[in-house]
Amino acid sequence: MSSNANSQHSTLAKFAFNIYGSLNHATPSYEGSASPSSSYSSSRSKTNEPYNYRFNKLVYNCEREVTTLSQLNYPLSLSNTFQSDQNLSHHVIIGGRNYLKLLALNEDQSRIVQDINVLDQSSIYTHNSRVPSTNKLNNINTVKAQSDTIGCGLSNGLITVYKVGSNGKCRLIHKFSDHKRCINSLDYVGIRNLYDAPTQMISGSQDGSIKLWDMRSSSPRPMLTISSGSHSDPIRSCQYSPHSQGRNKLVVLSVHDSGALCKFDLRLSNGHGPERKWNIHTGPALSLHIHPEKEYVVTGGRDQKICVFNYGDSQISNRITPDEMINTYGPVMKVRWCLYPDASTSQFGEPLDTFQQSNDFNSSSLYSYDLACSYLNDDSTVAIYNLNRKFIPKEVITTSSNKPIQNFIWANNPGSSRKIWTITKSNVFSSYDLDMHDSLLESEISKPLDELANVTVDWNNGFGDLCLANQEKYEFEITEVESQASDNDMGDIDTEYSSRYERSNSNSVIDESSLIGSSSAEKPPLFRSSTHYSMHMAKSPSPVPRRGSTSFAAHSESQPNLSNMQGLSMSRPKLTRNLSQATEDSSISIGSAPQSNIHLKSKRSFQVSYASPYLVPVSLPLSLNDENVFEILSNNYLISIPDGFTLVDVCLLNASVAASVQRFRECQIWRVLAVSLEEDYVQIDNTTFLSDPELEHNETNQDEKIDDQKDAKSISSDLGNFVGSYNSNSTSTTNYGGLGSLSAKDTTKANNSNNLMDMINRSRVNSMNHLQSISPSGSHTFIRNAIHENKSNENAIVDDDETDAAVHGTEGRIGTSHVSEDLDNENLNILNNAVLNSSPNSAMTTPHPQSNSPNYSNFFSLPKLSSTFMSPIYDEFAEKQEQPRSLKAESLLNNDVSDRTTTKSELTKAIKEEVDNSSGAPLKKAWKSSSLLEKALAHASNEGDIILCSTLSLLFYDSFKQVIPQSSCLDWLGLYIEILQRKRLFVNAIHVVNNAPDDVRSKLKNLTSGDVDLRFFCCWCQKLLVNEKSKEKLKNDVNADFGYWYCDECSQKQSNCIYCNEPCKGLTVVVSLKCGHRGHFGCLREWFIEDENNECPGGCDYSVV
């Protein structure tokens, strides 16, 4: 018997392979029916090989591209199923490109007992029928099943309706073809439960129309056609509302590409326009779904928002914003309410339906139902949210193949469990039971809430503050709806933070309406201390009324002991959106009176026995994170090389800035980098630097250059550009090395550099007075002689190339006149002061010279006109930039040198020449610029010094790309700009972006720029300013004066500019003050910046400082 069964199973498998091919892509056996063949063969061999399931997950691989699915709740009696599988009531309908299949499931929906090809009318329920040929244009875009009816919306605007028999046979009964474009949504009208037979159907299309069809009639024309307006606004989704309170009222909701939510009443005689229209989303709204019990609809859009809105008649009058809003991490493609309430709501304490009661609204129906959403982009997740905790998903489903989700629905099932059916873009149907606890499901269903800790610590970037948040996991926003007619609005509020823990047994009710206002869209009031001006009554009052009874600030004023507690005596209130002309999310109010509270009939409060959640801010006085120091460094650090400056000069200037705020370590880093740059790099045309290989090659050949090449270095070298005093008569009339006097262009550049240096020194003279202890009189002569005294007396290693005359001096060097000495003193004055100020040890007393007579030997050993004058290293590079000597002194030097034979030491060879070794590679110096820069960046990154990292990246990135990776540079600059913006140093942030390297700038702009959504509301009726009526009416009139200084809804003009009393016609050029007055950007800039006023121009005593 066993061999016959195996033979029969093998034959059926081969037969199924001939029809469908190999469709089982190595799917595990516990994943249910992985192909059409596996479901059929398993049902036939059930008695011999029982189905092996380890959890309730069903997988089916579709052989064609699929886009939509629905559920058919109709009992089927299939002849090829066993007795236990008779009268099956829950089935899956999957549609796609030339594809429409009915998957019959068993009673617990754990496996597929049969699949039926609906498009092939000759196929009843057997498997030996082939799929429809490709020449049939049945590209199904949406499917909706009800009772025994299956409606299909095609991409060509055609609607087909199939009738399903009890034996599984499907036949085509209707074809409707009045739409011009793709069908996006289908629904049935007049349906109250899952098993009612439909008689009417609505369809929403890309052509912007909704059509009503009578399925009892044989006419292919619609009964009614409605649209949202005169122009075509594509309809993404539409649905019939079964919760209409009016008698025989047929309400249909739709969402459009404009982001609008429209409400239609099909009983109206005209039937052409919506009864109500709300602009909820700022981009295309892509999906909607009506709540199973109440008149609430959830919508999702491309603006990454999920909105819950009450569309009931009692809530229509002044509703302009959603009741609830969930911000998601991606554009929302589909959103669905769960069909069953979540039984786990009891985990929030007691069951919600025992205390969430109200006269007009049962909140348990809103907060006990979950909602799920999928995303538009290639995202492989379905996120499940609950309004009790809307800031974090309750569960997240991730497909095992990591393929994007195409569509999903909540499935009806006998056990009333939360079950989701999905199809992916890889054409795989899957079933997920969220209430089934199994270890294998945990890899695909994650619960982010379980992964969070009760206590969270985070740093505030840029300010050095620390925040600790404590929050119980199941006590977040447990809402209770009470009557607004309560005598005590504030309830029993404990005013002391410690007393809330002492009386932990007694519950304290905190009324949220007193904390944030009685409306979620209401802006908070502004309170100021009373003024005593005599002309107070003659001044313009603030448009914002003062309502002390409904604000947290008023309550704080009535209880002065709360001011010492810094707001810790109360639980953290919810963040609200301010209904103003500026934006919903801004705390700045625009316009006048806020929305009235007369339409609000309930208030929300949460009941806790102690403070949960609570936030503990900690301020740490970190010496290395001083805000003033940060601002000084960001303002004064040079992040680019000015004209006439070199990179060495910029490093020295930045060193002086760091020393001025007592950042001596950073000062030394800048100075060491300056010294290493002068040693390793050769400057070409004041801007171009050679790479390391070229520099090393040039260094070995520098000794072979003749003296004429040294003389070719003009007076307008590094220090010549740095100091602009070489246009004097003593230098302009002397031609050294064949160079004439400075041209007009060079003179101008030198003067500009000198002016810039003087300006920098003057701006820092006050901050560096305590570091300077050198006498002003004759300071340059004194410093120069003292330094050469120290240099001649220290035990340094002497280069053998240098003559004794160069080291110790000779009496024959008397050819230098007094004019040359004065010239040196004059030109080196500014640089000496800048470098000495940059040294942390500059405050130490310099040894006095032994005599006041000129020391010619020390003078000739000086490296002339180099910015390494104060550097601790004097090497051959300084000699190469030696100042031209007089002819007499030079002849004496040549005679002295010619009588000597030079011998190089081994140390000189190791430093200056390539020593022959086994590898043949030159010895690398540890103080090369690249090595020092790499170590400086590593140190700054480990210390968290974002200013030093960013400044070094801006200055050295182009020359040292091998040291500074592009990713690191982008991360440092992005974080630096973010901190600058948080500190309101916007000008500095813009300078960082503009001076960023070319290959980093584009990525940096994309990283730092973000979309800002601004929504403007009328200051009188508090409705969104869209003015669609005027826009439609005046779109053909070229001379029409269309704008947003008036409101179409209330037909009133908005407030004029408080400065010029002219209408504010623009949307983005309007600036509003916290007092409620507003005006043009140019007018307020003239008032506050140019005229330097501090108070509001309306005279309401509001001060911006």
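Any Cβ shown, glycine's included, is placed from N, Cα and C.
Helix, strand and coil counts from DSSP across the repeat 'WD 2' (178-223) read 0 helix, 19 strand, 27 coil. Annotation source Swiss-Prot lists repeat 'WD 2' at 178-223.
Marked as repeat 'WD 3' by Swiss-Prot: 230-274. Mean pLDDT for the repeat 'WD 3' (230-274) in this predicted model: 84.
Marked as repeat 'WD 5' by Swiss-Prot: 377-420. Remote same-chain residues near the repeat 'WD 5' (377-420) are listed as 56, 66-71, 73, 90, 107-109, 194, 306, 308, 324, 326-328, 330-331, 333-334, 336-340, 342, 345, 348, 366-367, 369-371, 426, 428, 430-436, 443-449, 452, 476-479 (criterion: CB distance under 8 Å, separation of at least six residues from the stretch ends).
The region 'Disordered' annotation in Swiss-Prot covers 481-523 (among others).
Look at Swiss-Prot and you will find 509-521 (among others) tagged as compositional bias 'Polar residues'.
Annotation comment: Swiss-Prot describes 535-590 (among others) as region 'Disordered'.
Taken from Swiss-Prot, the feature compositional bias 'Polar residues' covers 548-569 (among others).
Residues annotated as compositional bias 'Polar residues' in Swiss-Prot: 577-590 (among others).
For 692-711 (among others), the entry in Swiss-Prot reads region 'Disordered'.
Annotation comment: Swiss-Prot describes 694-711 as compositional bias 'Basic and acidic residues'.
Annotation source Swiss-Prot lists region 'Disordered' at 734-754 (among others).
Using a Cβ-Cβ cut-off under 8 Å and counting only residues 6 or more beyond its ends in the same chain, the repeat 'WD 7' (917-959) has close neighbours at 624, 630, 633-634, 637-641, 647, 650-651, 654, 666, 669, 672-673, 676-677, 679-681, 689, 692, 696, 910-911, 968-969, 972-973, 975-976, 979, 992, 995-997, 1000. Taken from Swiss-Prot, the feature repeat 'WD 7' covers 917-959.
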Could you put numbers on the helix, strand and coil content of the repeat 'WD 3' (230-274), residue by residue per DSSP?
0 helix, 19 strand, 26 coil
Can you tell me how the residues of the repeat 'WD 7' (917-959) break down into helix, strand and coil by DSSP?
26 helix, 0 strand, 17 coil
Per DSSP, the repeat 'WD 5' (377-420) contains 0 helix, 19 strand, 25 coil
